Ligand code: 4GX
(Lines of atoms letter the chains of each structure in order from A and count residues from 1; the text may use other names and numbers.)
(Lines give C-alpha, C1' and ligand atoms only; values in the text may rest on other atoms or scores of the structure.)
Protein backbone atom coordinates (compact mmCIF):
# COMPACT_ATOMS: atom_id res chain seq x y z
CA UNK A 1 0.00 0.00 0.00
CA UNK A 2 1.13 3.52 -0.76
CA UNK A 3 0.28 6.37 1.62
CA UNK A 4 1.15 9.93 0.64
CA UNK A 5 0.93 12.97 2.91
CA UNK A 6 0.65 16.55 1.67
CA UNK A 7 1.69 19.10 4.28
CA UNK A 8 3.43 22.43 4.82
CA UNK A 9 5.47 20.78 7.64
CA UNK A 10 7.12 17.69 6.06
CA UNK A 11 9.77 17.38 8.82
CA UNK A 12 7.07 17.24 11.50
CA UNK A 13 5.25 14.37 9.74
CA UNK A 14 8.39 12.41 8.73
CA UNK A 15 8.82 10.68 12.12
CA UNK A 16 5.62 8.65 11.62
CA UNK A 17 7.53 6.36 9.26
CA UNK A 18 10.73 6.20 11.30
CA UNK A 19 9.62 4.16 14.34
CA UNK A 20 8.28 0.76 15.32
CA UNK A 21 6.27 -1.59 13.15
CA UNK A 22 5.48 1.16 10.62
CA UNK A 23 9.18 1.63 9.88
CA UNK A 24 9.66 -2.15 9.62
CA UNK A 25 6.78 -2.36 7.13
CA UNK A 26 8.39 0.43 5.09
CA UNK A 27 11.72 -1.47 5.11
CA UNK A 28 10.01 -4.71 4.08
CA UNK A 29 8.26 -2.93 1.22
CA UNK A 30 4.75 -3.67 2.56
CA UNK A 31 4.12 0.04 3.00
CA UNK A 32 5.34 2.99 0.99
CA UNK A 33 5.00 6.34 2.75
CA UNK A 34 5.75 9.48 0.81
CA UNK A 35 5.65 13.03 2.10
CA UNK A 36 5.13 16.09 -0.13
CA UNK A 37 5.71 19.71 0.76
CA UNK A 38 2.79 21.83 -0.46
CA UNK A 39 5.14 24.83 -0.65
CA UNK A 40 7.05 23.11 -3.49
CA UNK A 41 3.91 23.52 -5.59
CA UNK A 42 3.50 27.26 -4.97
CA UNK A 43 4.55 29.07 -8.15
CA UNK A 44 5.04 32.63 -6.86
CA UNK A 45 8.48 33.78 -5.74
CA UNK A 46 7.59 33.80 -2.02
CA UNK A 47 6.09 30.28 -2.24
CA UNK A 48 2.88 31.50 -0.61
CA UNK A 49 0.42 28.83 0.57
CA UNK A 50 -2.05 31.00 2.52
CA UNK A 51 -4.04 34.18 1.94
CA UNK A 52 -6.70 36.39 3.54
CA UNK A 53 -10.29 35.12 3.51
CA UNK A 54 -12.75 36.69 1.06
CA UNK A 55 -15.48 38.32 3.08
CA UNK A 56 -13.06 39.20 5.86
CA UNK A 57 -12.68 37.79 9.32
CA UNK A 58 -9.80 36.42 11.36
CA UNK A 59 -7.14 33.97 10.26
CA UNK A 60 -5.88 32.76 6.92
CA UNK A 61 -7.05 30.27 4.29
CA UNK A 62 -4.93 27.78 2.32
CA UNK A 63 -4.72 28.96 -1.30
CA UNK A 64 -6.17 26.69 -3.98
CA UNK A 65 -3.45 27.11 -6.66
CA UNK A 66 -0.71 25.00 -4.96
CA UNK A 67 -3.22 22.13 -4.56
CA UNK A 68 -4.21 22.33 -8.24
CA UNK A 69 -0.51 22.24 -9.19
CA UNK A 70 0.09 19.35 -6.83
CA UNK A 71 -2.79 17.22 -8.19
CA UNK A 72 -1.76 17.91 -11.79
CA UNK A 73 1.71 16.54 -10.98
CA UNK A 74 0.50 13.76 -8.70
CA UNK A 75 -2.27 12.29 -10.85
CA UNK A 76 0.04 12.28 -13.89
CA UNK A 77 2.83 10.56 -11.96
CA UNK A 78 0.97 8.01 -9.83
CA UNK A 79 -2.65 7.97 -11.00
CA UNK A 80 -5.64 8.99 -8.87
CA UNK A 81 -5.33 8.23 -5.14
CA UNK A 82 -8.14 8.02 -2.56
CA UNK A 83 -7.96 11.49 -1.01
CA UNK A 84 -8.56 12.14 2.69
CA UNK A 85 -8.66 15.61 4.23
CA UNK A 86 -8.06 15.89 7.98
CA UNK A 87 -10.69 18.26 9.33
CA UNK A 88 -12.87 18.72 12.42
CA UNK A 89 -15.89 18.49 10.08
CA UNK A 90 -15.04 14.93 9.03
CA UNK A 91 -16.37 11.54 10.09
CA UNK A 92 -14.81 10.67 13.43
CA UNK A 93 -12.12 8.03 12.92
CA UNK A 94 -12.65 4.53 14.28
CA UNK A 95 -11.42 1.00 13.53
CA UNK A 96 -14.05 0.36 10.89
CA UNK A 97 -13.11 3.53 8.92
CA UNK A 98 -9.44 2.61 9.33
CA UNK A 99 -10.06 -0.87 7.91
CA UNK A 100 -11.90 0.67 4.97
CA UNK A 101 -9.02 3.08 4.27
CA UNK A 102 -6.52 0.20 4.52
CA UNK A 103 -8.29 -1.49 1.59
CA UNK A 104 -7.28 1.33 -0.81
CA UNK A 105 -4.03 0.68 -2.60
CA UNK A 106 -3.28 4.31 -2.67
CA UNK A 107 -4.17 6.86 0.00
CA UNK A 108 -3.33 10.57 -0.03
CA UNK A 109 -3.80 12.56 3.17
CA UNK A 110 -4.04 16.35 2.99
CA UNK A 111 -3.13 18.14 6.21
CA UNK A 112 -5.28 21.23 6.68
CA UNK A 113 -3.84 24.29 8.43
CA UNK A 114 -5.08 27.79 9.34
CA UNK A 115 -8.88 28.28 9.18
CA UNK A 116 -9.10 25.66 6.46
CA UNK A 117 -8.72 25.21 2.72
CA UNK A 118 -10.30 27.10 -0.21
CA UNK A 119 -13.57 25.25 -0.84
CA UNK A 120 -12.70 24.64 -4.50
CA UNK A 121 -10.01 22.14 -3.42
CA UNK A 122 -12.85 19.91 -2.13
CA UNK A 123 -13.33 18.60 -5.68
CA UNK A 124 -10.20 16.47 -5.14
CA UNK A 125 -11.30 15.18 -1.70
CA UNK A 126 -13.06 11.81 -1.35
CA UNK A 127 -13.47 11.85 2.41
CA UNK A 128 -13.04 14.19 5.38
CA UNK A 129 -11.79 12.54 8.56
CA UNK A 130 -11.63 13.96 12.09
CA UNK A 131 -9.69 12.30 14.91
CA UNK A 132 -11.98 13.70 17.60
CA UNK A 133 -14.09 16.63 18.74
CA UNK A 134 -11.39 19.12 19.68
CA UNK A 135 -9.57 21.74 17.63
CA UNK A 136 -5.92 21.19 16.75
CA UNK A 137 -3.48 23.69 15.25
CA UNK A 138 -3.19 21.62 12.08
CA UNK A 139 -3.95 18.35 10.33
CA UNK A 140 -0.43 16.89 10.70
CA UNK A 141 -1.07 14.95 13.92
CA UNK A 142 -4.38 13.57 12.53
CA UNK A 143 -2.52 12.49 9.36
CA UNK A 144 0.04 10.66 11.52
CA UNK A 145 -2.74 9.02 13.52
CA UNK A 146 -4.41 7.89 10.30
CA UNK A 147 -1.13 6.45 8.94
CA UNK A 148 -0.59 4.58 12.20
CA UNK A 149 -4.08 3.13 12.58
CA UNK A 150 -4.46 2.28 8.87
CA UNK A 151 -1.04 0.57 8.82
CA UNK A 152 -2.17 -1.92 11.45
CA UNK A 153 -4.84 -3.18 9.05
CA UNK A 154 -2.47 -3.66 6.12
CA UNK A 155 -1.72 -7.40 5.97
CA UNK A 156 1.77 -8.19 7.25
CA UNK A 157 2.36 -4.96 9.20
CA UNK A 158 1.44 -6.45 12.58
CA UNK A 159 0.80 -10.04 13.59
CA UNK A 160 -2.83 -10.88 12.62
CA UNK A 161 -3.44 -12.54 16.00
CA UNK A 162 -2.47 -9.36 17.78
CA UNK A 163 -4.96 -7.31 15.72
CA UNK A 164 -7.71 -9.78 16.66
CA UNK A 165 -6.85 -9.54 20.34
CA UNK A 166 -6.87 -5.76 20.48
CA UNK A 167 -9.46 -3.61 22.16
CA UNK A 168 -12.41 -2.89 19.83
CA UNK A 169 -11.66 -5.74 17.43
CA UNK A 170 -14.94 -7.40 18.40
CA UNK A 171 -16.49 -4.37 20.12
CA UNK A 172 -14.98 -5.34 23.47
CA UNK A 173 -12.12 -3.81 25.43
CA UNK A 174 -8.92 -5.79 25.80
CA UNK A 175 -8.28 -8.05 28.80
CA UNK A 176 -5.44 -7.33 31.28
CA UNK A 177 -1.91 -8.48 30.40
CA UNK A 178 0.85 -9.88 32.62
CA UNK A 179 4.48 -10.81 32.11
CA UNK A 180 7.32 -11.98 34.38
CA UNK A 181 7.90 -11.93 37.33
CA UNK A 182 5.10 -13.93 38.91
CA UNK A 183 5.17 -11.76 42.03
CA UNK A 184 6.14 -8.11 42.37
CA UNK A 185 5.67 -6.16 45.62
CA UNK A 186 3.25 -8.88 46.82
CA UNK A 187 1.13 -8.60 43.68
CA UNK A 188 0.65 -11.97 41.98
CA UNK A 189 -0.14 -12.92 38.42
CA UNK A 190 -3.62 -14.57 38.34
CA UNK A 191 -3.12 -18.32 38.87
CA UNK A 192 -5.17 -19.32 35.80
CA UNK A 193 -2.62 -17.69 33.44
CA UNK A 194 0.12 -19.99 34.78
CA UNK A 195 -2.10 -23.11 34.72
CA UNK A 196 -1.34 -23.98 31.10
CA UNK A 197 -5.06 -24.67 30.54
CA UNK A 198 -5.75 -22.76 27.33
CA UNK A 199 -9.51 -23.08 27.52
CA UNK A 200 -9.53 -21.72 31.08
CA UNK A 201 -7.19 -18.87 30.04
CA UNK A 202 -9.50 -18.03 27.13
CA UNK A 203 -12.55 -17.99 29.41
CA UNK A 204 -10.79 -15.83 32.02
CA UNK A 205 -9.68 -13.34 29.39
CA UNK A 206 -13.17 -13.10 27.94
CA UNK A 207 -14.66 -12.57 31.41
CA UNK A 208 -12.20 -9.76 32.07
CA UNK A 209 -12.98 -8.19 28.66
CA UNK A 210 -16.71 -8.33 29.31
CA UNK A 211 -16.34 -6.98 32.85
CA UNK A 212 -14.15 -4.08 31.77
CA UNK A 213 -16.42 -3.24 28.82
CA UNK A 214 -19.57 -3.30 30.96
CA UNK A 215 -18.03 -0.99 33.55
CA UNK A 216 -16.07 1.40 31.33
CA UNK A 217 -17.94 1.35 28.02
CA UNK A 218 -21.56 0.28 28.46
CA UNK A 219 -22.26 1.73 24.99
CA UNK A 220 -19.93 -0.86 23.43
CA UNK A 221 -21.31 -3.64 25.61
CA UNK A 222 -24.89 -2.94 24.45
CA UNK A 223 -23.84 -3.16 20.78
CA UNK A 224 -21.84 -6.36 21.25
CA UNK A 225 -22.89 -9.52 19.42
CA UNK A 226 -22.53 -12.32 21.99
CA UNK A 227 -20.95 -15.58 20.83
CA UNK A 228 -20.81 -18.91 22.68
CA UNK A 229 -17.64 -18.01 24.63
CA UNK A 230 -19.24 -14.72 25.71
CA UNK A 231 -22.28 -16.57 27.05
CA UNK A 232 -20.17 -19.09 28.93
CA UNK A 233 -18.03 -16.25 30.34
CA UNK A 234 -21.10 -14.27 31.48
CA UNK A 235 -22.60 -17.36 33.07
CA UNK A 236 -19.40 -18.05 34.96
CA UNK A 237 -19.15 -14.39 36.03
CA UNK A 238 -22.72 -14.43 37.29
CA UNK A 239 -22.10 -17.64 39.25
CA UNK A 240 -19.00 -16.08 40.87
CA UNK A 241 -21.03 -13.00 41.83
CA UNK A 242 -23.84 -15.10 43.33
CA UNK A 243 -21.36 -17.22 45.26
CA UNK A 244 -19.66 -14.10 46.67
CA UNK A 245 -23.02 -12.64 47.68
CA UNK A 246 -23.88 -15.64 49.83
N1 4GX B 1 -9.32 16.07 13.42
N2 4GX B 1 -7.85 20.48 12.87
C3 4GX B 1 -7.35 20.97 10.51
C4 4GX B 1 -7.60 23.24 9.64
C5 4GX B 1 -8.76 22.86 8.80
C6 4GX B 1 -10.06 23.32 9.06
C7 4GX B 1 -11.08 22.96 8.21
C8 4GX B 1 -9.54 21.68 6.95
C9 4GX B 1 -10.82 22.14 7.16
C10 4GX B 1 -8.70 18.18 13.31
C11 4GX B 1 -9.30 17.20 14.12
C12 4GX B 1 -8.50 19.59 13.69
C13 4GX B 1 -7.93 21.92 13.16
C14 4GX B 1 -7.00 20.15 11.74
C15 4GX B 1 -8.27 22.71 11.91
N16 4GX B 1 -8.52 22.03 7.76
N17 4GX B 1 -8.39 17.59 12.17
N18 4GX B 1 -7.36 22.39 10.81
N19 4GX B 1 -9.80 17.33 15.35
O20 4GX B 1 -8.96 19.97 14.72
O21 4GX B 1 -8.76 16.31 12.23
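Any Cβ shown, glycine's included, is placed from N, Cα and C.
Remember, TrEMBL labels are computer predictions, not curated facts.
Some features that TrEMBL has for this protein:
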type	residues	note
DOMAIN	1-222	domain 'tRNA methyltransferase TRMD/TRM10-type'
BINDING	112, 131, 132, 133, 134, 135, 136	S-adenosyl-L-methionine binding site
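On the structure: features taken from TrEMBL.
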residue : record                               : Cβ neighbours (10 Å)
112     : S-adenosyl-L-methionine binding site : 23
131     : S-adenosyl-L-methionine binding site : 19
132     : S-adenosyl-L-methionine binding site : 11
133     : S-adenosyl-L-methionine binding site : 7
134     : S-adenosyl-L-methionine binding site : 7
135     : S-adenosyl-L-methionine binding site : 6
136     : S-adenosyl-L-methionine binding site : 15
Taking the centroid of the Cβ atoms of 112, 131, 132, 133, 134, 135, 136 (S-adenosyl-L-methionine site), which other same-chain residues have Cβ within 8 Å of it?
88, 130, 142
Enumerate in sequence order the binding-site residues 112, 131, 133, 135 whose Cβ-atom distance to ligand 1 is under 6 angstroms.
112, 131, 135
Please work out the mean pLDDT for the residues of the domain 'tRNA methyltransferase TRMD/TRM10-type' (1-222).
97
Considering each pair of residues in 112, 131, 132, 133, 134, 135, 136, all listed as binding S-adenosyl-L-methionine, report the largest CA to CA distance in Å, no decimals.
16
Any idea what DSSP makes of residue 131 (S-adenosyl-L-methionine binding site), helix, strand or coil?
coil
